[in-house]
Amino acid sequence: MQISIRNFTKTFDATTVIDDMNLTIRDGEMLALLGPSGCGKSTTLFTISGIHRMDKGQLMFGDRDVSGLPSQKRNVGVVFQNYALYPHMNVFENIAFPLTVRKDAKADIDREVRAIAALTHISELLERRPGQLSGGQQQRVALARALVRKPDVLLLDEPLANLDAKLRLEMRSEIRRIQLETGITAVLVTHDQVEAMSMCDRIAIMKKGEIVQIDTPADMYSNPRTSFVAGFLGNPPISFLSGIAMENAFSVAPIKLRVPLVPQEGIADGTQLKLGVRPEHFGPEGDIAVEGRIAFAETQGRENLYDVALADGSVLRSIQPAGRNWALGDTVRWHIDSKSVFVFTDDGQRL
Amino acid sequence: MTRNFATWPIILLLTVLSLPLFIMYLFLLVDTFSNTPPGSLLPNEFTLEHWRFLIDPTITGDIWKPTLTTFLFAASMMVIVVSVSATAGYALSRLALPFRRFVLSGIMVMHAFPSVTLIIGVFLVLQFAGLYNSLIGVILVKASLMLPFGIWIMKGFYDAVPWEIEMAGVQDGASRFTVWRRIILPQVKPGLLSLALFAFIDGWSEYMLPRILAPSSDFEVLSMYLNTVSDPNSSTYNFNIFKSVGLFYTLPVLALFVLFQNRLMNIFGGGTKG
């Protein structure tokens, strides 16, 4: 079901957390709300669920206006960060709870619970208590409980934050598989760009209560609209150089760096600019030479990560395949791939 | 388990310190089953005669009626305290009530009052309501005096229940009341149980309130009964019988403590689950 948020404003006491936000989640897609803590992503999620009320604006589930409805009447499934399973009920009772509240027939409940348990691979755990389950299993139960009454939308609040690294990888693909199999519209709140990029159809990056950019993961990575977006996506992160515009080129005078601003002409000389260079676009190959010294080297097995300090003190990150190793303190003359860099104005807007 | 200090000095110290108490209780127990000749410390015969009051009402009067009254008194007080605390504690912990802070501090202040200081006001209210000299009146007063404690304790237990569990229940389509009854209440069961025990024991041992608020009524609780038995001017005065009645009176409390001591300690853990 398509979910649309229109002109949504939310204030807590005197602080406006979200101001006039518009967002449409397409039917059957999985959308990530990505942003640093305090950016309003969880507020948005809990507004869709009905836990928070909108101060202004409209929330539509399909053609139905649900802005004024309490949580109970919205038909929304939520998976909380700490799973929020009911500790005194076993797994079956946990999953069945939404159905027993609705007073479904006992045979129907049994059938539905077993079907959803099969989908989430927890059929053999139905008699256990939440306390006897591992984190990943609890996560599956929470998913099953959220999905069992076929909600209009599934909301996931940092669902992987409490899992250890290996389980996180497994559950990432599991959640995506279950979402695709049920075809449900889903919203994922996370501060982890890897989760957002790997699990979702589209990402909405939020900052201070506003959606900065909404795009598919690939588009957002290769075409960020602001320096904030560019800095948020990618691991290791992008590095920025400060400079000025000079004769249709980005220029850092002290180190004689000149990167031509190909598509953008007519920027006044002397304008302050920022150049964003992703680690994979700086290395031995490229077209614009930069000299520097290896200030930090980290082995990651398949790849090595280097910080290269330039003569003026700024640092460029680089990621290189293992094999040809540079040592700490080596002086290198590497190149920036000028076609893949991003140029931003001083306040972070992409040129 | 490794020990980084010897335990025996502590055990020795505790033994010495608790010895007087232990000896007192031992003699209480021994004296109820034996006779000791005057001038002697040690008993010289075993007898059950001091326990005859259980079957023979002529010795000290019928004991079963006061026992039943005391049980009723303690049990109804327990029911009132538990049901009011369970609901009020939840409301104070979770609902956005007007004057919530004021109510909370008010409860705290009331908890600080010794009940004796309120007795004149309570007397006036009971007199006005026509409940003076009645068992119901005393139960209501005793229960309401315990409520601040109970509500405060239950609020602590509710505070420890994660917010998400409650929201999950609401999201699953249940009303706030259903969520409270089916999800939240089971989480605070340890608190309810220990509060119930405390209320029962408190009611069982109450002496002053029935004495003051129902002095001439026709019901009698065990503490008042014990007082009659211990009256040195009464013709039935017998120190060993007094001890036996006292022991009989304490037995249910002792039994509850032995059975539920872990639960009772739970209440001071601030609501973490034991």
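Using N, Cα and C of the backbone, Cβ positions are placed for all residues, glycine too.
Listed in TrEMBL:
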- B:7-28: transmembrane segment (TRANSMEM)
- B:67-260: domain 'ABC transmembrane type-1' (DOMAIN)
- B:71-92: transmembrane segment (TRANSMEM)
- B:104-129: transmembrane segment (TRANSMEM)
- B:135-158: transmembrane segment (TRANSMEM)
- B:179-201: transmembrane segment (TRANSMEM)
- B:241-260: transmembrane segment (TRANSMEM)
- request: Examine the transmembrane segment (B:71-92) against the transmembrane segment (B:241-260) and state whether at least 3 Cβ pairs sit under 8 A, considering only residue pairs 6 or more apart.
  value: no
Query: Top stretch among B:7-28, B:104-129, B:179-201 for CB pairs under 8 A with the transmembrane segment (B:241-260)?
result: B:179-201
- line: Beyond a gap of at least 6 residues from its ends, the CB atoms lying under 8 Å from the transmembrane segment (B:104-129) belong to 92, 137, 141, 145, 148-149, 151-152, 155, 208-209, 212-213
Message: Let me spell it out: take the transmembrane segment (B:135-158), skip the flanking residues so only those 6+ beyond its ends count, and list any with a Cβ under 8 Å from a Cβ in it.
response: 69, 72-73, 76-77, 80-82, 84-86, 88-90, 92-94, 104, 107-108, 110-111, 115, 118, 122, 126, 129, 184, 187-188, 190-192, 195, 198-199, 202-203, 206, 209-210, 213-214, 217, 219, 267, 270-271
